[in-house]
Structure formats: C-alpha cells, structure tokens
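See below for the structure under consideration.
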Amino acid sequence: MVKAYLRYEPAASFGVIVSGESNIAYDSSGKHLLTAALEKVGVWHVRQGVCTKNLAPSSSNSKGLSVAVTSIASSSSSLIASGYADGSIRIWDLEKGICETTLNGHKGAVTATRFNKLGSLLASGSKDNDIILWDVVGESGLFRLRGHRDQVTDLVFLDSGKKLVTASKDKFLRVWDLDTQHCMQIISGHHTEIWSIDIDPEERYLVTGSADPELRFYTIKHDSADGQLIANKSETDVNKDLPTENKWEVLKPFGEIQRQSKDRVGTVRFNKSGNLLACQVAGKTVEIFRVLDESESKRKAKRRISRKKEKKAAKEGLEATEKGETDIGAEEGSNPVVTVMDIFKLLQTLRAGKKISSISFSPVTSKNSLATLALSLNNNLLEFHAIESSSTTKLSAIELQGHRSDVRSVTLSSDNTLLMTTSHSAIKIWNPTTGSCLRTIDSGYGLCGLFVPGNKYAVVGTKGGTLEFIDVRSGTCVDVVEAHGGSVQSITLTPDGTGFLTGSADHDIKFWEFQMVQKAGEGSKHLTASATRSLKMNEDVLVVAVSPDGKYIAVALLDSTVKVFYMDSLKFFLSLYGHKLPVLCMDISSDGDLLVSGSGDKNVKIWGLDFGDCHKSLFAHADSVMGVKFVRNTHYFFTAGKDRLVKYWDADKFELLLTLEGHHAEVWCLAVSNRGDFIVTGSHDRSIRRWDRTEEPFFLEEEKEKRLEEMFESDIDNAFENKYGPKEELPEEGAVALAGKKTQETLTATDSIIDALDMAEAELKRIAEHEEDKSKGKISEFRPNVLMLGLSPSDYVLRALSSVHTNDLEQTLLALPFSDALKLLSNLKDWACIPDKVELVCRIATVLLQLHHHQLLSTVSSRPLLTILKEALHARVKECKDALGFNLAAMDHLKQLMSMSSDALFRDAKAKLLEIRARSTKRIEARADTKQEKKRKKKQKKLDVGHVWS
C-alpha cells in the first residue's frame, strides 16, 4: 500500500514591522501608515501603534511563492497599489482589506508607483526600464512607454494627469504627453543616477535628487485652454532674458541647492500643503527645507539685492554709494529676480539612530507643528517626528513587534504556548498562535536557548560566553552566569529535566544543574545553575545533542566530525566522519536509533547510533544546512538552509517529502512542536514563520510529478527561443507598446478560447446535420453536447471570453491564430446586442483589428463582416453612451431634489456659507460707502477752493 503523509502549509508570519526594499506611504486619511513587510503590506494605526491589517496575496494566487513588496502608492480614495519583485501590481481596497485586481505587465521588479489626483490612473516604473499606464477603474493596462536605458526610479503626474515625468538611473528626466503617448522633452544635466523626483501641490516646481551634491529644481509650464503655455511669476522673472519660448519645453531649469550630506539622495517629497520639502539621503539624515510663499520670497530677494548693492557701494566709495542708492530704489520698484535660494530655505536636519530607508509626510497636520514625518529605518523600526519651526520632536516609534536584527534561535515551550526568539540585543517571548509579542527583554547576543521544565524560566546562551536566566512571567533577567571563555554555541536539556548541557567555542562541554537561590536583600527565590562536570574537546564545539534515553552525548566539532560519548562515564563511543565541512546542526530521533547531521557542505547525513554507520547522505540544500529537527515519535525530520528553504524528509525512505518556500533570506533556525502539528522558523529577513500540519494527505509520487511540472512551467519564460534567440533591441525614442505580458494564465486562456471555438463549430455542424435530416423526414431527437453546459455555441464561446481577466485580454487574443480570430469576429455582431457585453465586444474588435489589420485587408471574405460590424458597433456604443448620459442626468436631478427637500446634511455648511456671504456683502457695502464719502468730501473741497478764488 502507498504511504500517505500530511501536508504542512504556511500559517502565519510575524516579526517584520517594515522591510527596506520598499517605500512607506500614508493613506488618504492620515490615520494609517502603509509599510512593506516582505510579501505583505502592513497597515499600522499611527496613534495606537498596532497593525490593524495585513494585505497579503492569497496562497492560491501566489502558487506558494512569496514575492517581496517593492513599491507602495496610496490614492485619494480608499484604494492603494503595491508593486512586487516579480513585476506584478495589486490594487487593494484598504477599508475592506481585499485585493481588487492583479495587473501583470512588467518583466522586472516594480520600482515606482504613483496615482493621479483623481485616483483613476496609475503609473508604474520598473527595473525592465518601462513605464506602464494602468486604468484603475477598467482594471487594465492602457499602454507601455519605452525610452529609458536603465531602471525607472520615480515618476510623477503633471497637468491633472495629462503629462507624466519619469526619472531613471540613465541620468535623464523624460516628460511624456499621455494624450499623444509620446516623449515630448528629455532633460539631461545630472552627472549621476536620479533616485527621486517630486512636485509641489500647486505644480509650480519639480525637484530631483541624485548622487550629485546638489538638489536640482525646475519650473513647470502648464497648457492653458487655448494651447498657450502659462508660467508662474517666479519663472517669468528668472527666464525673462530668453528670447523665444519653446512649445515643448514643459520643465525649465530653475536652480540648484547644495546639500549638507555627501550620501546619495533616497527620497525627495513635498508635504501636502507644499510649505515643506524633505530630502532623505541614503544615510541617517533628512534635510528639511521651508518653501517660502511669493511675498516672502520677493522680500528675501529684495533684501539680497540691497545687501549686494551695499557691499558693492562700500567697495567703490561714496560716489558709487549715491549712485547705488538710486539703483536700489529702481530695483526695488520693479519686480526683483527671485532665485531658487529665495524660495527654498534649509529649516533643519533631522538625524535618526540608524540608516533611513524611506520617508513619508502625513497628509494631516497637527496644530502644534508644521508637519508630521514618518521614517522607516533599516533595522525593522518605524519612527514618527513632529517638525516645528525651530526643532524636531520624536513623537513615537513602533519597535516592539520585531527584532532589530537577525533571529538567531527559536525555542518552543513544552506545552507549545510560548515561543522564545533571540537576537543581537534582545530576547522576545511570543504567542506562536496569534503572533503577538508578549515580552521583550534586553540581553546579550543570544545564540541558543531553552525553556526550563514548567515554562516559568528560560535559559539563553550568548556570544559573550554567559548564560542568562529569564523569568518569563515578569519578563526580566534574574541572573547572569559566566559560563565559558568563548561563545555558547549550543544548549540542550537533559532527559530527566534537572539540568542542561552547553557546548562552547572554548572547546568545553559543561553539565549544569538547576538551583533555586535567594540573593541577600531579596524576598523571593530565583533560578540559577551550577556546573557539575565538564568534558574537554580538541576543537571548538558547535552542537551538542543528548539521546532521549540519556545514554549518549553527541558532539559536533569544528574538524567536521561528530563524536559520541557515554553520558554517565563520558567515555568515547563512536566517531562519525564523512562531512567535508563542519556540522552546523544535528538531532537524535525519539527512539534513539537515528542521528541526523546537517553541514556547511550542503549535505544531510543519516547515521545509525548502534554502530555509527552512515545510512544515507542526502544533498539537501543549495547552501549550508543551518537547522535540523526530528518530528517527535517519528523518523520524519525538517531541515532549514541558507538557500531560504525549509524541507521535510523521511529518514527511513531517504526521500524529500515537501519543500516549504516563504523566507526571503537565509533561514538560521527552526523548532518543531511536541506533537509535530506545527514548526517555527527564524531568518535573516527578521521574520518568524509558522507552518501548520493540515489534514490534507499527499503521496510521494504525486509530489514528485508536481515538482517536475513546476520546473517545466518556470522554464516557459526561459524557453529555447528566448535563451538563444536574438536579444531584444533597444526601443526607439519614446516608443509605445502593449501594456500586458505573456504569462501562464494568458496561454491557458488562449487554449480555453480555441477549445470553445472548436467545440462550438462541431456543435453547429451537428445542428446543421440534424436540421438536414429533419427536412428529409428523418425524425430523431437532437441531444445537445453536455460539455457546453446547456448553452448555445455562441454563448459558450462568449462565456470563455468573459472569464478572461480584463488585463490579460490583449495578450490572450495576441496568441490566437488568424483563422480563430475570424471566427470570433463573425460572432461579435450577435454579442453586441447584449447590453452588458458591449464594452467587451468593442475591446475584442479593436484588438483583433489592430493585430490582424494587413491580413484582414487582403482577405476578401472578411470585408462584408467588417462592414456589418462597423454599423452595428457604432449604433450599440451610441445607445450605451446615451443610456449613461441619461442616467447621470437623472442622478444629478435626484441629488438636486434631495438637497431641496431635505438639507439636513448640508444645513451647517449652508448656514456658514450664508454667514460668510452676509459678511462679505456688508464689507463691500461699507467700502462703497467709504469711497462715496471720500468722493463727496473731495468734491466739496474743490467747491470750497473755487469759492475762495472767486
């Protein structure tokens, strides 16, 4: 009989507050901060400091692979966009916490995303050098813009979404006209890669940040209704010397400001009101600039000019001073030339404790400060700072829900209700079920740990050679014992639970016994331990394991061997050699028959403890094996490696059962629950992951076939013609292409459409034959094809087309042969009569006409079909537009009626409006009265003067 195993599935992931690969962003309300936490988007409540939601792709969509979030953008509504390392983009509804749609188009990681002001369009840039414009409402790609020669780093909409400015590592800025879909301006001048760009809310200035020592500023020209260019006043002031205006010049250089830091710029962002500009560098500082308004900047320019004149006059003497005074008067009378230094003034420099990954301004400003700035640091930490006119104040930090560095060890309590993790400066106690952090204890660099029987205390071995005794209930360190001269590499409990063993880099193995002691001046007793005996080795001890029956001690040494000793007499029993590199982890099965060792040579060896023979050597991981643990009372075991994978094995059959993917960096440690119902892993990516055993059985052969299929599917993108065919040529200047990309889903959709067309054709043939037989007098009952689900042939094909995702439609139709495209076109006339399918029919017709234009022109039989379609589609689209227009007008009318009949919602606003109007009317009347009074007095004065003269 074939043996069945139970599957393990990813259940929870916690410990990551913010990962450094992506930016952070506030939502439109300013209450929540959106952060990337590896493959999830964390939604943090700013005031409460808790994670209210985790937006993670469902496991069915992600095929078990976890892809990191690389970019986040929030819109003016409740929608947010997250870009991923595989090039996909997901649109989420923040209120509901669900994924609205997934957009596939980029071939490289998404590096920048930005919504337009309305939130109807989304622009995305990627490592594949392309920019794609997405229709958020229609959930489809509009077009792809090509022209950059290196990855796109940032982008921003201009002119209410009519233009797009993009920055790239190729040192160029490009301005794209989205109506005509072409590049209208290329701006050079940067000496290094441009990393970030932004515009102020009023769209007057654009700022760029690169590795150059200065920030560059550009003024923005806007198109008016008659097509003429409008510039702001400061721009006309600075550029009035230029003789001609260039029609295509949207951005004009305005000036440069020297930065304080020598590091490259990470992010430049204006706040919502536009009075502050923050420049975050790749180090620990954020430079904050004050943006002066027009009157302040003019005043500053006048002061600068007058100081300049005074200095010049002082040099040239008294005569020059008199002349200078007249010049000053003339200069001050006219508009002074406002420079970039007059508008942007360095306010202060904010310094963080660690390297800053990203920044974001809160859209809501508190009364006491100019703005609130959120920082994400590269040590898994979020900070919030209030920016005031003279200083910055740290408001709060989100830090307790994760470690500052790698998780080096994970340990489960005997009842599996507590989980202890160690890192370079802290020990954390977690609830493994909910993923909530219960206790945080400051400590040394913890390398290993264990729970003392009873789960009230825990012991941690540190890099400094000490043992730290932790009271779990109070979350305090009750004792520190100097245990070894080198780092404590391994710690294991004795089978009777009265003590433990430690192995260290000082070549010693020590045996310890638990003791309860009372310090002088303290009322209560606490736990400590005393060394009872020790065993000296010739090399550094890396791992210590004790057999469950307490008979043997296994010791892994730096010389790549495993030595086995008798526990009672400490006499040598066996030497297990065969690994080419040191053994980094090992475990002994519950029955004491098998020992499994994992090594830096990427192999796992299964040994028999009776004779010390190697049962099997398995090539387990693509990098060092860092952790190995048996499932209790079985011969199944788990391994964790530096290749980011966790694997499940059968030690009797020497077979790989499952591969668990999820971590984004090296997996350092793992722990298995007593019942084997879940495992916990800790990693260099600072995440702690729980994998639960499900009730779903699987079979070894099926799993092997599935792995082969996955290998085959992953190779589709790297097919022979892709690998060895000619490389894609560099795109033309400002080239436009289709937004989508070929994926496994689009190929499957194409196959389903072709199958539906073939089935429909066969069914139509059967119907025709039946009708012919009926006309000849042969009476037979017609039985429709059950596979068509009771639908007519035309409806069955329409069902197959309707099931294709909106974003994948173009790529799906692109793979259809011309003969099948003709069959589809012949059905479009009937489908156009269905009101809710008009949009789909128009899209299919447009795409097919674009793809097969030349063939359709040369195919005589297609001309009558196209003529019929032209008439039918135009009429149907007009009907739809009329219906939509009628509905909109009716809704407006209803809104007016409602506001007239009940003004409860708008009563306060109306009252305020009436009050403001009354005040302004009074003011205007008062001014008019004053003017009339002045005129009357002036007239009277003239009359009086006339009388005097006469």
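A Cβ is built for glycine as well, from the same backbone N, Cα and C atoms used for every other residue.
TrEMBL entries are annotated by machine, without manual review.
According to TrEMBL, the compositional bias 'Basic residues' annotation covers 300-312.
Summarising the annotation, TrEMBL assigns compositional bias 'Basic and acidic residues' to 313-326.
The region 'Disordered' feature in TrEMBL is assigned to 300-332 (among others).
Annotation source TrEMBL lists region 'Disordered' at 925-950 (among others).
Per TrEMBL, the feature repeat 'WD' maps to 62-102 (among others). The residues of the repeat 'WD' (62-102), classed with DSSP into helix (H, G, I), strand (E, B) and coil, number 1 helix, 23 strand, 17 coil.
Applying DSSP to the repeat 'WD' (103-136) sorts its residues as follows: 0 helix, 19 strand, 15 coil. The repeat 'WD' annotation in TrEMBL covers 103-136 (among others).
When the repeat 'WD' (145-186) is classified with DSSP, helix, strand and coil residues number 3 helix, 25 strand, 14 coil. Residues or ranges marked as repeat 'WD' by TrEMBL: 145-186 (among others).
Listed as Cβ neighbours of the repeat 'WD' (187-221) (distance under 8 Å, sequence separation of 6 or more from its ends, same chain) are residues 150, 153-156, 158-159, 165, 167-175, 229-232, 234-235, 238-239, 249-259, 262, 264-270, 272-274, 277, 279, 291, 340, 343-344. According to TrEMBL, the repeat 'WD' annotation covers 187-221 (among others).
Annotation source TrEMBL lists repeat 'WD' at 400-440 (among others). For the repeat 'WD' (400-440), the model gives a mean pLDDT of 93.
The annotation repeat 'WD' is assigned in TrEMBL to 481-515 (among others). Here the repeat 'WD' (481-515) has, by DSSP, the following mix of helix, strand and coil residues: 0 helix, 22 strand, 13 coil.
What TrEMBL lists as repeat 'WD' is 576-617 (among others). With a threshold of 8 Å between CB atoms, the same-chain residues lying at least 6 positions outside the repeat 'WD' (576-617) that come near it are 542-543, 545-549, 551-552, 554, 556-564, 623-630, 632-635, 637, 639, 641, 649, 651, 654.
Taken from TrEMBL, the feature repeat 'WD' applies to 618-659 (among others). Sequence-distant contacts of the repeat 'WD' (618-659), counting only residues of its own chain at least 6 positions beyond either end whose CB sits under 8 Å from a CB of the stretch, comprise 5, 7-8, 581, 584-591, 593-594, 596-606, 665-672, 674-676, 679, 681, 683, 691, 698, 700, 703, 707.
If you look up TrEMBL, you'll see 660-692 (among others) marked as repeat 'WD'. Same-chain residues lying 6 or more positions outside the repeat 'WD' (660-692) and placing a CB less than 8 Å from one of its CB atoms are 8-16, 19, 37-39, 64-66, 68, 380, 402-403, 405-412, 414-416, 419, 421, 430, 432, 435, 623, 626-627, 629-634, 636, 638, 640-648.
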Would you mind listing the long-range same-chain contacts of the repeat 'WD' (62-102), meaning Cβ under 8 Å and 6+ residues beyond its ends?
10, 19, 21-28, 32, 34-41, 43, 53, 55, 108-115, 117-119, 122, 124, 126, 128, 134, 136, 139, 661-664, 710, 741, 805-807
Taking DSSP states H, G and I as helix and E and B as strand, how many residues of the repeat 'WD' (400-440) are helix, strand and coil?
0 helix, 17 strand, 24 coil
Mind checking which residues of the chain, 6+ beyond the ends of the repeat 'WD' (400-440), have their Cβ under 8 Å from one of its Cβ atoms?
12-17, 51, 379-381, 446-451, 453, 455, 458, 460, 468, 470, 472, 475, 668-675, 678, 680-684, 686-688, 690
What are the DSSP helix, strand and coil residue counts for the compositional bias 'Basic residues' (300-312)?
13 helix, 0 strand, 0 coil
Quick test of the contact rule: Cβ under 8 Å, at least six residues beyond the ends. What residues does that give for the repeat 'WD' (145-186)?
108, 111-112, 114, 116-118, 120-121, 123-133, 192-199, 203, 206, 208, 210, 220, 222-223, 248-251, 730-737
